[in-house]
Amino acid sequence: MERKEKDHLNLVVIGHVDSGKSTTTGHLIYKLGGIDERTLAKLEEKALELNKASFKYAFVLDNLKAEQERGITINCALRQFDTPSRSYTIIDAPGHKDFIKNMITGTSQADAAVLIIAAKKGEFEDGFSREGSTKDHALLAYTMGIKQAIVAINKMDTIDYDEERFNEIVENVSDHLGKIGYKKENVKYIPISGFDGDNMLEQSENLPWYKGPTLTEALDEFKVPKRPIKKPLRVPIQDVYKIAGIGTVPVGRVETGVLKRGMEVQFTTGATSEVKSLEAHHNKLEEAEPGLNVGFNVRLEAKEIKAGHVCGDAKNDPPKNAESFIAQVIVMNHPGHIKAGYQPVLDIHTAHVATKFKTLLSKNEARTGKLIEEAPKFLKNGESGIVELVPTKPLCVEEFSKYAALGRFVIRDMKRTVAVGVIQEVIHKKETKKKASKR
């Protein structure tokens, strides 16, 4: 019962490929008792078999066979661990450029971020270059609503715990995070070794010059966001499982409202069903409040629900598909001009859908929203505008002012983040309700 009492926080761990995200996260989970010695010994054996001895902690999270062989995190791995005062769900997001889509899904579910940066000469520079993913990840996290972060400067053991190098990295990173919009007081910088465990739970003797908090102390200083319990239910679906003996189990994070056992829920397709049971981290629940990642059993065929769909209360403002929507976008990284007819991929909550720029309504000042030009011919890097977007597949989105997590998005093309935006108005499709299929 103790877990119920604790504040719960969702953390996303982000950073460039090979910065040591999975190792740091795995080691932290081990130190906090989230995995036993026997399991770790098995993982160590497996790592040795694959000639990757230094990956034993990473394997705590890298559970897909393909990931263990390549040593890269592909899906967003979810794990739970506890400190004496808090309960955390940790989302280890992929750092590899090809897997940025999965990273966005992970980030959209988090309350706070831990950005892991490798201190090693060349590695920091690689991650922070135009081709590296560190800057992209930090921007995506901010756009997805994460306003508090820890920057863990990792692999300090490889640079002899050099204070000067630490300060040089802090200066570079804090300057960049400030430009994105992060407030200085909401970001902490901590020197660590994810493999050796320096500064994770207790102050390290190898870092006598560092007087700040350890990684776990800094985690416990994160503010727990106010949970929007009173709003209608919204659960963006991350995965759908078909489990023998149970049936269809969609999994997602409750963003607003309360999901209850026995409630009649409706998905964006119009399909409805009663919630037969729900659980989080193998604990059965009667209800789940915002911030909780849950799996719940519904009497629907697995093919009727997909990742990216949204679940709501059938009797209270159920989620609907958007015909089109009006949004403010800021163009960040497009090699040319964005014009009407452009069709990139839109990433919003857990959905990734090709979306067309139907009309460019205006060009505006990014900070103030002041009108610069009506019906512009194009938008280019650094410019902001109001546009009408049309999704090419069924998609549930909401106004940012009503449901923040379902109202902010990232636009991707050519494996890069082209633009970010927030939704101001949604034009809905007229839908008919479909009853749960008979079992």
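Note: Cβ is positioned from N, Cα and C throughout, glycine not excepted.
Features reported for this protein in Swiss-Prot:
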DOMAIN    6-229  domain 'tr-type G'
BINDING   15-22, 92-96, 154-157  GTP binding site
REGION    15-22  region 'G1'
REGION    71-75  region 'G2'
REGION    92-95  region 'G3'
REGION    154-157  region 'G4'
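Distant neighbours of the region 'G4' (154-157): 19-20, 24, 116-120, 123, 166, 191-196, 198-199, 206-207; these residues of the same chain sit at least 6 beyond its ends, with a Cβ under 8 Å from one of its Cβ atoms. For the region 'G1' (15-22), the DSSP counts in helix, strand and coil order read 2 helix, 0 strand, 6 coil. In the predicted model, the region 'G1' (15-22) has a mean pLDDT of 74. Among the binding-site residues Gly15, Asp18, Lys21, Met156, the residue whose Cβ has the fewest other Cβ atoms within 10 Å is Asp18. DSSP states for the region 'G4' (154-157), grouped as helix (H, G, I), strand (E, B) and coil, give 2 helix, 1 strand, 1 coil.
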